[in-house]
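The feature substrate binding site is assigned by Swiss-Prot to 29, 30, 31, 32, 33, 48, 79, 155, 210, 330, with sequence analysis given as support. Look at Swiss-Prot and you will find 79 tagged as site 'Transition state stabilizer'.
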């Protein structure tokens with residue numbers, strides 16, 4: 001695939017802690033239900049999976065937020081559960097219930113059936129990456145992503161989202177051997193999956209460890225971070241003549257920042273409970289940081305959003321040898337007012353230009 005030269009590489013340079021003229025911004029779940037145009041496309045597709053498994057629809061919704069806002073990166077429209085779906089677990093999105101699996105992994109016989117899926121069964125994802133890259137035409141970089149081995153395992157064992165993680169923690173404490181086997185398979189599958197996204201044209205990749213923060217200290221390192229590190233160590237890090245940065249985001253992982261930063265990633269994503277300046281001192285600018293505005297700030301109105309954006313940028317401090325990508329501390333809420341996102345993007349770009357110039 002012939003690719004257009006990148007017109008805006010500020011996001012990639014910030015991830016690599018290179019000098020940039022301003023702080024780049026993108027938002028987790030930026031292509032999503034808060035946008036009326038997304039809901040219209042989803043209605044045409046008929047279902048979430050109808051949207052995610054059709055490269056043209058996936059491309060359409062990936063580009064929608066960029067038509068509204070001058071964001072500095074696009075992120076592939078997909079779901080972290082495509083990999084276990086390809087393992088045969090039967091992913092379904094019930095209206096109002098979120099994702100669930102028809103065949104959760106609960107015992108030894110279930111684990112014995114698991115295998116790294118043939119990446120050809122996920123071709124629709126890689127086709128979407130190629131389509132999006134073509135349509136972006138070098139405007140901004142494209143981010144690929146996957147769930148961390150632990151986070152995917154939570155859904156695989158629980159069968160759906162959970163409030164207490166009782167089923168997977170029962171396995172963790174009662175049959176850790178089974179859980180390690182699941183995590184080994186997940187790590188291998190995720191490595192292949194992300195490398196295939198990179199081969200298709202993803203210019204950066206992100207691992208979402210959405211549920212790492214539910215683990216006790218010591219167990220996080222053993223059951224989450226160790227397998228995240230396996231994935232990161234096996235990724236293609238050079239493509240199209242430049243480095244492919246890797247972002248690792250553990251929601252609730254503030255106490256483990258130093259250890260996450262040492263896993264081989266280029267950037268660590270932060271949730272909103274962590275002070276950016278403190279986090280920066282703790283990782284000593286060894287990696288870039290991404291985050292970390294509370295998503296609920298968007299419900300406070302334009303003035304509050306602009307003030308909190310400035311506060312977040314000030315918290316990071318003088319850029320110097322550090323790297324900062326502005327984002328929310330978690331995915332944007334489906335109820336967020338789209339017009340306030342415009343205020344956020346404008347404030348980050350305008351205010352940070354002055355900071356970088358000084």
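Keep in mind that glycine also has a Cβ here, set from the backbone N, Cα and C atoms.
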Which residue, out of the binding-site residues 33, 79, shows the minimum number of other Cβ atoms inside 10 Å of its Cβ in this structure? 33
Close in space but at least six residues away in sequence, with Cβ under 8 Å from that of residue 29 (substrate binding site), the same-chain residues are 331, 332
Counting across all protein chains, other CB atoms within 10 angstroms of the CB of residue 31 (substrate binding site) number 25
Cβ neighbour count within 10 Å of residue 210 (substrate binding site): 21
Recorded substrate site residues 29, 30, 31, 32, 33, 48, 79, 155, 210, 330, farthest C-alpha pair in Å: 23
